[in-house]
Amino acid sequence: MGCTLSAEDKAAVERSKMIDRNLREDGEKAAKEVKLLLLGAGESGKSTIVKQMKIIHEDGYSEEECKQYKVVVYSNTIQSIIAIIRAMGRLKIDFGEPARADDARQLFVLAGSAEEGLMTSELAGVIRRLWRDGGVQACFSRSREYQLNDSASYYLNDLDRISQTNYIPTQQDVLRTRVKTTGIVETHFTFKDLYFKMFDVGGQRSERKKWIHCFEGVTAIIFCVALSDYDLVLAEDEEMNRMHESMKLFDSICNNKWFTDTSIILFLNKKDLFEEKIKRSPLTICYPEYTGSNTYEEAAAYIQCQFEDLNRRKDTKEIYTHFTCATDTKNVQFVFDAVTDVIIKNNLKECGLY
């Protein structure tokens with residue numbers, strides 16, 4: 001009897017080849033879809049990373065889209081100067097010039113009646129005089145003692161530009177805007193032949209219960225930490241240090257059974273603010289046991305170790321750490337390029353293609 005295959009055998013071989021081919025195609029397709037979850041405590045820079053993805057991978061914000069952010073820029077600017085003025089009362093700081101007390105009263109009147117998206121020359125003048133006051137600057141230098149947006153000085157220092165009648169926010173202005181994320185914001189983009197689905201989830205405690213809905217099929221988690229938060233307390237709990245809250249949260253995510261096989265990427269963000277702050281505010285505020293110097297390199301490395309040491313599966317799970325400045329497009333582009341290479345490698349491994 002010869003070794004020739006019967007028609008049925010040939011059909012079976014073809015079917016087997018087709019199944020193998022389909023499995024491989026499915027594997028390759030799965031390897032090209034990336035579900036990224038952006039997690040972290042409130043105000044750690046997650047939404048800014050999402051905005052950067054639009055700038056880097058989706059041709060940025062159109063002029064029309066930038067115009068829509070004018071309302072937010074003005075709101076952030078006004079709320080920042082109001083927060084400083086209110087803090088002066090709590091911290092018992094006097095105005096450098098007594099006449100500024102009248103400006104402060106005028107600020108509250110004008111801010112209360114301001115039309116959305118408009119900044120009158122009268123309101124801009126009041127804010128400008130207040131911001132230049134010595135007492136206001138003294139209070140601003142103590143901003144760790146109250147809640148103040150990171151973008152406060154950025155907008156207030158640029159008041160002449162942003163208060164022009166023909167003002168259109170720049171991409172950088174848009175990046176600096178602060179709007180609390182509620183719910184889940186989904187962004188899609190393509191990069192390095194991969195189709196990314198990025199989910200930005202509100203970081204305040206009240207928003208975290210919504211995270212569970214995003215967990216299924218996650219390729220990688222980008223966990224954002226604001227390095228500059230080491231000497232601040234939470235807006236929602238003034239007894240809790242923000243860095244301690246971030247560590248607690250990272251511990252629960254990093255060691256969660258849901259994420260045993262999920263790549264964890266740690267963004268130690270706001271490195272620019274941290275580099276300035278560490279010169280005047282010691283790391284021992286957050287870590288009393290710290291004995292190193294208050295230099296950027298040593299203090300940042302210590303914080304990195306504090307987070308990486310929370311990983312209880314070091315033998316099987318690697319944490320990929322990057323120092324970032326979410327408002328710096330070039331920095332984010334460079335870091336995200338490296339992150340994508342890690343995702344590609346790990347994704348192909350899981351699909352048996354690496």
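Any Cβ shown, glycine's included, is placed from N, Cα and C.
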Stretch carrying region 'G4 motif' according to Swiss-Prot (options 49-56, 225-232, 265-272): 265-272
Stated Swiss-Prot location of region 'G3 motif', expressed as one of 186-195, 196-205, 206-215: 196-205
Of 128-136, 173-181, 254-262, the range Swiss-Prot labels region 'G2 motif': 173-181
35-48, 287-300 - the range that Swiss-Prot marks as region 'G1 motif': 35-48
Given ranges 96-101, 234-239, 324-329, the stretch to which Swiss-Prot attaches the annotation region 'G5 motif': 324-329
Pairwise Cα distance for Gly42 (GTP binding site)/Thr181 (Mg(2+) binding site) [Å, integer]: 9
Taken over the domain 'G-alpha' (32-354), the model's mean pLDDT: 92
Three-class DSSP secondary structure - Val201 (GTP binding site): strand
Residue pair Ser47 (Mg(2+) binding site), Val201 (GTP binding site) - Cα distance, angstrom, rounded: 9
